[in-house]
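Here's the structure we're looking at; comments come further down.
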Amino acid sequence: MDIPQNGSIMIKLPMNGMTDKVAPIPPIPASNLRPGIYTNGDLYATKETCNFAGREDRSNTVSTTITAETDDSTVIAEGDLPDREKGLSWSATLMNFMKGMIGPGCLSLPLAFKQAGLWTAFGLVFAFGFLNNHCMLQLVHCSQHLSKRKGHSKLDYGGVAYEACAHSFKFLRPYKNLAKAIVNTAILGLQLGICSVFYVFMALHMKEIFDDETSFKVSATAWMFIILPPVILLNFLRSLRTIAIFSMIGNVLMIGAFIFILQHLLRADHVMGQLPWITNFDGVMTACGSILYSFEGQAMVLPLENKLKHPPSMVGPFGVLSVGMSLVSTVYAGSGFFGYITYGTDVKGSITLNLPQQAAFTAVKLMLTLVVYFGFVIQQYVIVDMIWPKIVRRMDRSETFSNNRLHLPLELLFRAFLVIIAMTVAIAVPNLEEIIPLVGVTAGMMLAFIFPALMDTMTFVPLYLNQKCADGTNGRRKAYLRLIKNGFLVLIGMFGLAAGLSSNIRNMIQRPISA
């Protein structure tokens, strides 16, 4: 539909039984034509009586789905986001996604099977995989819809929370800054926790390798300082294209290590008949935290989507998310299942801690250490992508740091500072086996289930409730179904948060006593 130069719009109205007459609509002020809303040239009816520049005409009923709506909170943005000139391919994005998802959490899944029971944990892995994929898709759909409607090229997780709240129901709009702050705080806590786990994993495995193969024997804390320079140097990488190359190397090493471990697990004696199918409530909830920690990838979804050359390829049945989560769920289920039936009740916090002390398995430990080393940069990239642009904006407003030549050295200093924080947390909290499920059921549960469901509700329910002019009943039906589905996801998240937190705290308190 074309908008004439004078701003008036011509649409067909049923007048006196005639449908072919054309009625002019008063011009819409240019201030009411918001950029980014009507980019595809279509205007969508969202109200039973159509408002034009704040005026209503109740004498005639609109017979088409074409109208203008000055309130952008009720406009449904159609079409796909345009391709980006510089972006990552589908395969490169999938590599980065897989590298970010598969890490130390995967290697600890046999312990989760022990905590929940064999078949209970097996089912939980695929259930959490399906639900996580659904919530990731919700997050991307919200981001793409809000980006199209507001004319933004990209939004991060906190930005989606802000925009969803700002254009939702009127009573929610004043809390947009609070919503963004809560989401960003949860992401920071989660990502710093993950980086700390990665750091401990690298230090402990380097200690094991050198203790077994050389005469160089130092403490795990000393190794944390030894590996600090190479970790900082790797995290000086600023381009996702370069990171994708290291991700590909890490994926190759991971595949090789997992094939070697899997063949060992398959050939070993199994004790499946002696293992419980389900344990107890506390065990199941603790296992949920460990499994959810392994699946936690919501924080890196939008940074990757924002770098994707063709944004629609992130979603869909063969999109990056669906394909990636299918592969990740299969790897997780196999890792946990065969690890548990091989080592039984003797299973430790990581598969590598149960492997025989032979040269071949030492090489596997080294490969996995490199995998985690290359994966560390992906996890830290999420934090940098979220915080550093805000720091740059503040520096640009400052006379002292407004010089662009200072931006690069200050960014590198900031990246090094993040690595030092991860090392400090790792030194201060050495028993991360108990903190992994704790992080999973707190920040992980909120980011995985609660926040995406709430954002989806705030973004799309108001649109469906206002879809009266086009399809009335169907719009309300979609809104109610979406409310029910998202309410269910929020309830799962709240229950998992409360029950998992209490179970983990009890386990942390009781373990020293039983020892």
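Placed from the backbone N, Cα and C atoms, the Cβ positions cover glycine too.
TrEMBL lists 87-460 with the feature domain 'Amino acid transporter transmembrane'.
For 119-140 (among others), the entry in TrEMBL reads transmembrane segment. Same-chain residues lying 6 or more positions outside the transmembrane segment (119-140) and placing a CB less than 8 Å from one of its CB atoms are 109, 112-113, 157, 160, 277-279, 284, 287-288, 291-292, 295, 297-298, 301-302, 305, 314-315, 321-322, 325-326, 328-329, 332-333, 336-337, 340, 448-449, 452-453, 455-456, 489, 492.
The feature transmembrane segment is assigned by TrEMBL to 181-204 (among others).
What TrEMBL records for 216-236 (among others) is transmembrane segment.
The transmembrane segment annotation in TrEMBL covers 243-265 (among others). For the transmembrane segment (243-265), same-chain residues at least 6 beyond its ends with a Cβ under 8 Å from one of its own Cβ atoms are 88, 92, 95-96, 98-99, 102, 234, 237, 331, 334-335, 338-339, 342, 351, 355, 360-361, 364, 367-368, 370-371, 373-375, 377-378, 381.
Feature annotation from TrEMBL assigns transmembrane segment to 315-343 (among others). Here the transmembrane segment (315-343) has Cβ contacts under 8 Å with residues 90, 93-94, 97-98, 101-102, 106-107, 109-110, 112-114, 118, 121-122, 125-126, 129-130, 132-133, 136-137, 140-141, 144, 258, 262, 265-266, 268-272, 275, 291, 294-295, 301, 304, 308, 351, 354 of the same chain, all six or more residues outside its ends.
The feature transmembrane segment is assigned by TrEMBL to 363-388 (among others). Only residues 6 or more beyond the boundaries of the transmembrane segment (363-388), in the same chain, are considered here, and those with a CB under 8 A from a CB of the stretch are 96, 99-100, 102-104, 107, 156-158, 184, 187-188, 191-192, 194-195, 198-199, 201-202, 205-206, 208-209, 230-231, 234-235, 237, 240, 243, 246-247, 249-250, 253-254, 256-257, 260-261, 299-300, 303, 352, 355, 411, 414-415, 418-419, 422.
Among the features that TrEMBL reports, transmembrane segment is placed at 408-429 (among others).
The feature transmembrane segment is assigned by TrEMBL to 435-465 (among others).
The transmembrane segment annotation in TrEMBL covers 486-505 (among others). Here the transmembrane segment (486-505) has long-range neighbours at 131, 135, 281-282, 285-286, 288-289, 292, 434, 437-438, 440-442, 445-446, 448-450, 452-454, 456-457, meaning same-chain residues at least 6 beyond its ends whose C-beta is under 8 angstroms from one of its own.
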